[in-house]
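Inspection log for the structure reproduced underneath, given as structure tokens.
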Amino acid sequence: MPENAVQQAPRHDVLAADSILYLDGVTVSFDGFKALNSLSFIVRPGEMRTIIGPNGAGKTTMMDVITGKTRPDEGTVLYDGNVDLTKHDEAAIANMGIGRKFQKPTVFENLTVFENLELALKGPRGTFAVLLARLMGEQRDRIDAVLGTIRLTDRAHTSAGALSHGQKQWLEIGMLFAQDPRFLMLDEPVAGMTDAETEQTAELLREIARDRSVLVVEHDMEFVRNLDCKVTVLHEGSVLAEGSLAKVQADERVIEVYLGR
Amino acid sequence: MGPITRRLAGLENRKGWTAVLLTVLGFALVVPVLNMALEPGHPLHVPTYVVQLLGKYLCYAMLALALDLVWGFAGALSLGHGAFFALGGYVMGMYLMRQIGDRGVYGNAELPDFMVFLNWDSLPWYWMGFDSFAFTAVMVLIVPGVLAFVFGWLAFRSRITGVYFSIITQAMTYALMLAFFRNEMGFGGNNGLTDFKDILGFSMSRDSTKVGLYVATVLMLAAAYLAARFIVTSRLGRVLLAVRDAESRVRFLGHSVTGAKLFAFVVSAMIAGVAGALYVPQVGIINPSEFSPANSIEIAIWTAVGGRGTLFGPILGAMSVNAAKSFFTGVAPEVWLFFLGSLFVVVTLFLPKGLVGLFGLLKRRQRRAMPKASPTPAPKATEETHA
């Protein structure tokens with residue numbers, strides 16, 4: 001491994017220089033099963049990228065590696081061209097500006113909608129700083145603005161557990177707004193939504209993606225087509241194809257493993 | 001009232017403040033007055049043994065409050081909180097032993113009786129400084145606090161949660177019990193520390209000292225309650241609740257789960273230590289049985305019965321369960337453990353929010369019965385699911 005790293009060092013500099021996320025040869029195995037098998041791809045700053053792939057292709061593991069939940073066995077994961085993400089934990093990575101939206105909406109059900117946003121709000125995260133933190137006027141305004149964007153203003157003081165599924169999804173997207181990340185990962189953001197909700201969610205996402213880099217993991221082909229961005233197809237833990245949706249849909253191997261089914 | 005003061009108590013309205021103030025005054029003033037100003041024959045006279053018993057219950061209440069901070073709010077069920085209580089008690093015991101001076105059985109001004117008995121010729125280094133009450137008071141916080149910090153840091157950093165955390169805390173208190181049973185430890189072994197004479201110059205056999213200790217306990221419990229209130233109503237308190245309900249999600253928001261839990265655990269251990277330090281002069285003895293795992297489990301029962309995650313509930317729970325214990329062990333000692341066991345089962349099955357939850361339920365039902373009343377706010381979401 002160390003030898004490898006030395007050899008690859010010059011390549012990092014060139015390719016990683018203009019990237020927000022850089023994965024090279026990332027391998028993760030669970031009991032001999034390779035969830036990620038030498039996965040490599042690059043996301044440019046400001047880019048929106050969609051990741052598709054059948055179940056077990058390694059999409060969730062990939063996000064776990066990027067957010068520090070899982071340590072890769074091998075490979076390089078760089079953020080912003082020079083920060084080695086494998087050396088940091090989830091909280092540190094979140095504070096660097098990487099936000100993650102889970103497939104199943106996970107909001108804090110015993111807290112109110114407002115309090116959920118308050119916890120997500122960008123700001124000092126030290127234990128004592130949080131203990132003494134007071135909500136300043138501008139922070140309150142920021143939360144109110146987010147509440148408006150996610151259309152939950154009138155539910156601000158109800159507990160998040162009482163929201164509908166779609167509203168929980170929006171609250172989670174709202175928490176990402178409040179967190180104000182530079183790089184955003186969304187895991188099936190429209191799963192389980194009605195058509196109307198999907199439409200509204202796509203609108204919200206377009207808004208949040210405007211000045212950020214975004215990675216979307218998605219199954220819904222219609223939604224992917226609407227996003228209209230570069231697509232990376234994962235299969236058995238590595239990249240099978242990359243390019244526009246039209247291009248990957250025409251790829252023989254992609255049709256075989258995924259789209260053809 | 002400024003926002004800080006309001007948050008200090010977490011009481012948003014005058015009614016809440018008045019209730020807390022009246023309760024504290026009731027316990028701190030009325031009980032001693034009824035004890036000291038009235039003749040023993042008077043129908044309202046409160047005998048000294050009742051005052052002492054109340055003082056003991058209030059120490060337990062403080063201990064349950066401490067457990068609620070980590071269990072009810074951070075979701076970490078510590079089954080070793082008796083250890084922090086006992087350590088605070090031992091620290092106070094050491095001060096009280098030094099106060100005996102040459103009034104011990106062996107008349108040795110330099111060494112406590114048990115050390116003379118074991119043929120020790122000098123005071124061990126860790127007994128130094130306990131002649132001073134100020135030093136002791138600091139140590140009451142530091143000793144449990146440092147143990148909680150080291151233990152909690154190792155456990156939380158390694159992400160030990162749920163039942164595993166409960167088991168290792170239980171093991172911690174058991175290990176300490178075995179250690180304190182050893183004479184070589186220098187804490188009186190099996191017999192512990194006892195035969196105390198006076199505290200801060202006041203003779204401990206006098207009724208006025210007993211009442212003084214009781215008042216001190218009321219005030220310290222009030223202070224601990226306000227401190228805990230301050231924490232749980234701060235943003236950190238909401239982080240703790242979030243940790244309880246969805247620990248890994250909190251990490252992805254950039255909050256330090258280890259830091260938040262460690263803070264709650266250390267503060268909780270310190271409150272438990274203070275409770276132990278107030279308990280020992282009131283019962284007159286501290287021995288290794290205070291570390292027994294069963295004691296720590298009982299604390300969890302008080303907390304559950306009162307209603308965890310409410311701060312006020314555990315205080316109520318500790319007082320009412322212990323009052324029931326005093327009553328049952330007096331009239332029918334053989335049924336007490338059955339009662340305790342069934343109480344725990346009933347609370348777990350039917351009253352997830354304990355006595356406090358029961359009050360809330362009755363209140364809502366009453367309000368629903370009255371058509372004129374304003375609609376009740378949405379009930380809190382269902383009981384959290386934590387592993």
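Each residue, glycine too, has its Cβ placed from N, Cα and C.
Noted in TrEMBL for the protein shown:
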TRANSMEM  B:16-38  transmembrane segment
TRANSMEM  B:50-73  transmembrane segment
TRANSMEM  B:79-97  transmembrane segment
TRANSMEM  B:133-156  transmembrane segment
TRANSMEM  B:163-181  transmembrane segment
TRANSMEM  B:211-232  transmembrane segment
TRANSMEM  B:252-280  transmembrane segment
TRANSMEM  B:335-362  transmembrane segment
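Here the transmembrane segment (B:133-156) has long-range neighbours at 76, 83-84, 87-88, 91-92, 94-95, 165, 168-169, 172, 200, 257-258, 261-262, 265-266, 268-270, 272-274, 276-277, meaning same-chain residues at least 6 beyond its ends whose C-beta is under 8 angstroms from one of its own.
Pairs of Cβ atoms less than 8 Å apart link the transmembrane segment (B:79-97) most often to B:252-280, out of B:211-232, B:252-280, B:335-362. Ranking B:16-38, B:50-73, B:163-181, B:211-232 by CB pairs under 8 A with the transmembrane segment (B:252-280) puts B:50-73 at the top. If you look at the transmembrane segment (B:163-181), the same-chain residues 6 or more away from its ends with a CB under 8 A from one of its CBs are 76-83, 86-87, 90, 151, 155, 187, 189-190, 192, 287-289, 291-293, 295-297, 387.
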